[in-house]
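Pulled from TrEMBL, these are the listed features:
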- 25-51: transmembrane segment (TRANSMEM)
- 41-289: domain 'G-protein coupled receptors family 1 profile' (DOMAIN)
- 60-82: transmembrane segment (TRANSMEM)
- 102-124: transmembrane segment (TRANSMEM)
- 144-166: transmembrane segment (TRANSMEM)
- 204-225: transmembrane segment (TRANSMEM)
- 237-259: transmembrane segment (TRANSMEM)
- 271-291: transmembrane segment (TRANSMEM)
Amino acid sequence: MQRKNFTEVVEFIFLGFSIFGKHQITLFVVFLTIYIFTLIENIIIVTIICIDRHLHTPMYFFLSMLASSETVYTLVIVPRMLSSLIFHSHPISLSGCATQMFFFITLATNNCFLLTAMGCDHYVAICKPLRYTVIMNRGMCARLMCGSFGTGLVMAVLHVTAMFSLPFCGTVVDHFFCDIYPVMKLSCIDTTVSEIINYGVSSFVIFVPVGLIFFSYVLIISSILKIPSAKGRKKAFATCASYLTVVIVHYGCASIAYLKPKSENSVEKDLLISVTYTIITPMLNPVIYTVRNKEVKDALRRAVGQKHFLTDGIIFSGDL
């Protein structure tokens, strides 16, 4: 019987932002603008890091990997979401839904562990500066990158296997992409076991990186406080502040989305949280990392072959 119910459902339909009615065109324009801006930001960051030898360091290697991962991450979700805002009934096949979920989980987990790798890089740079080039060599960077992506693949396989072994009766997804819990709601049977698996995997993906980052930053802050120069302490804290801002936003949204009690679920709240971590956060991350980063600004100036002056936080061309 379960097999029959499972095979009867061949596609899902996203409700998306239909609850906003006539405002969907406005949302389309806003989200499209943010998406284009995000793509441009990430492409510029990856290009600058690749072509400028001054940025060929572990920190910028991980930043380029994060920018690349977030570019593909948004590509998996946002174009279909934008399409659904214009063409209100936009079905997706079961295999298409499983594929979208697989890539979403893989890349989201990869982003989590890349942030952890960046935290490790900060720890070595601040706490063990004399051994930095020995510890953070190319082999270590490659292992951390492969470990992040490999963990994402394993988590995606666990999630997607648990999800699509369920029989589905419903076809309407109260969401704008194939996220875990909105799809799980469509199952014909009790999903307690799948919920436990998904909750366990989500807890691992969130708490392990957060624990490692927290431990690293306890050591980092204690090392910064030992720096005799006030200017040196200020520079170190400024570098850490950008990273911690991204970490708080990223893991905060993930925790609210995947670890909140089931009783607190609501369509409007879930949509708002999902928009934050699929659209807003990928746009903010490049800005947070580069807006106060002198090395990236200098690399941009070298790339365009112009001299710029920084006045009151605004960059003006030297030719003006």
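Each residue's number is its place along the chain shown, starting with 1.
Cβ atoms are placed via backbone N, Cα and C, with glycine included.
Because the structure is a prediction, the values reported are computed rather than measured.
I'm curious about the neighbourhood of these features; can you describe it?
Remote same-chain partners of the transmembrane segment (25-51), defined as residues 6 or more beyond its termini with a Cβ less than 8 Å from a stretch Cβ, comprise 17, 60-61, 63-64, 67-68, 70-71, 74, 78, 81-82, 85-86, 275, 279-280, 282-283, 286-287, 289-290, 296, 299-300, 303.
Long-range contacts of the transmembrane segment (60-82) within the same chain: residues 16, 28, 31-32, 35, 38-39, 41-43, 45-46, 49-50, 90, 92, 100, 103-104, 107-108, 110-111, 114-115, 117-118, 121, 141, 144-145, 148, 176-177, 278-279, 282, 285-286, 289, 295, each at least 6 residues beyond the stretch ends and with a Cβ under 8 Å from a Cβ of the stretch.
Beyond its flanks by at least six residues, the transmembrane segment (237-259) meets 108, 111-112, 115, 118-119, 122, 180-181, 198-199, 202-203, 205-206, 209-210, 213, 217, 220-221, 224, 270, 273-274, 276-277, 281, 284-285, 288-289, 292-293 of its own chain at Cβ-Cβ distances under 8 Å.
Using a Cβ-Cβ cut-off under 8 Å and counting only residues 6 or more beyond its ends in the same chain, the transmembrane segment (271-291) has close neighbours at 17, 19, 31, 34-35, 37-38, 41-42, 45, 63, 66-67, 70, 73-74, 77-78, 108, 175-177, 179, 242-243, 245-246, 249-250, 253-254, 256-257, 297.
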For the transmembrane segment (102-124), what are the same-chain contacts with Cβ under 8 Å, counting residues 6+ beyond its ends?
58-59, 62-63, 65-66, 69-70, 72-73, 76-77, 131-132, 135-136, 144-145, 147-149, 151-153, 155-157, 159-160, 177-180, 205-206, 208-209, 212-213, 216-217, 219-220, 239-240, 243, 246-247, 250-251, 254, 277
What same-chain residues lie close to the transmembrane segment (204-225): Cβ under 8 Å, and 6 or more beyond its ends?
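Answer is 108-109, 112-113, 115-116, 119-120, 122-123, 126-127, 151, 155, 233, 236-237, 240, 244, 247, 251, 254-255, 258-259.
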